[in-house]
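These notes concern the structure reproduced below.
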Amino acid sequence: MTHIPKTPADTETLLSEVQGWKHRHVLDLDNFSREELDMVMQTAGVMLDILSRPVKKVPALKGKTIATLFYEPSTRTRSSFELAAKSLSADVLNLNVSQSSISKGESLLDTLDTLESLGADMVVMRHPLSGAPYLAANNCHANIINAGDGWHAHPSQALLDIFTILRHKSSLEGLKITLIGDIKHSRVAHSNIWGLSKMGAKITLCAPYTLLPEGLNTNSKIFPEVTLETDIKQAVSGADVVMGLRLQRERQQSGLLPGIREYARYFQLNEEILKLAKPNSLVMHPGPVNEDIELSQSVVHGEQSVINEQVKNGVAVRMALFYLCSGSKEI
């Protein structure tokens with residue numbers, strides 16, 4: 001069972017435990033141990049306590065500079081990382097890609113060299129190409145935090161999803177967690193499969209055949225607790241958590257879907273389908289939600305929805321990642 005600290009008294013214990021953190025970068029969750037995932041959850045619990053105070057700021061990263069480098073549009077993730085950095089008293093260097101030398105053809109590595117020359121200790125980056133953060137991590141001294149790369153990974157989103165579930169459930173062991181949507185092209189799904197599996201959850205992936213990942217089935221040695229399903233009723237039945245994923249409209253243009261409305265007819269999570277899940281089940285979505293396509297409006301704003309809570313918890317989890325990767329010994 002993962003213990004999430006909820007009182008200031010737990011902070012001293014936390015500080016003595018996090019010294020074993022070994023990751024300089026956060027690129028995905030495939031190389032995280034269960035113990036390291038627990039450490040992130042525990043640290044995020046302390047950060048959430050900080051965010052509940054009248055003064056939502058501590059000097060843990062005072063004097064550090066964190067740069068944000070987003071090659072793709074982002075509102076929630078970028079704002080969340082910036083607020084997390086400022087809550088730890090770090091200076092934030094926000095690079096506007098469209099108005100920088102990048103728009104003139106500057107390479108990723110040259111841009112990173114520039115950021116390091118400007119004093120960046122950490123770089124939060126989002127890139128359309130899968131693997132770009134790994135290239136960055138192998139070629140610069142700053143800590144790299146992956147805020148999403150292509151179809152590959154979005155580790156901080158998966159971590160905040162796990163943290164949000166643990167705020168409502170004592171453990172993820174044995175929970176049925178159902179993900180519905182474009183699994184094949186979702187970096188959120190990919191990181192969640194790693195993280196949720198390591199936390200002991202049983203995962204059901206639900207989508208049309210064309211949007212399910214190839215080569216991932218119940219015979220997988222890596223993910224033995226993952227089930228693929230094309231029937232949403234079967235997928236949601238008995239679920240403890242149901243997570244919708246954004247349907248990327250460009251998939252329809254590539255011929256993988258006959259139409260958005262056709263998708264909604266068979267795979268939308270609405271009130272009728274949600275009744276098949278456990279009565280105390282949670283409804284989640286990484287956002288932005290295409291209402292009445294992935295989730296019905298009533299489900300998005302219903303009592304079981306923790307979507308807004310995910311946004312709030314994201315700041316605490318990203319504070320935890322900054323804190324752990326920095327090697328700071330103070331809060």
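Glycine too: its Cβ is placed from the backbone N, Cα and C atoms.
Binding of carbamoyl phosphate is attributed by Swiss-Prot to R76, T77, H154, Q157, G287, P288, and within the candidate set R24, R34, R126 the record adds R126 to that site. Cβ proximity to the carbamoyl phosphate site centre (mean Cβ of R76, T77, R126, H154, Q157, G287, P288, cutoff 8 Å) flags the following additional same-chain residues: S74, S80, A147, G148, V188, P286. In this entry, R76, T77, R126, H154, Q157, G287, P288 make up the residues listed for carbamoyl phosphate, with the farthest two CA atoms of the set 16 Å from each other.
Of all the binding-site residues in the list R126, H154, Q157, G287, P288, the shortest Cα-Cα distance to R187 (L-aspartate binding site) is found for H154. DSSP assigns T77 (carbamoyl phosphate binding site) to a helix. Counting every protein chain shown, the Cβ of P288 (carbamoyl phosphate binding site) has 9 other Cβ atoms within 10 Å. Counting only residues at least six positions away in the same chain, the Cβ atoms of G287, P288, V311, G314 sit under 8 Å from the Cβ of R76 (carbamoyl phosphate binding site).
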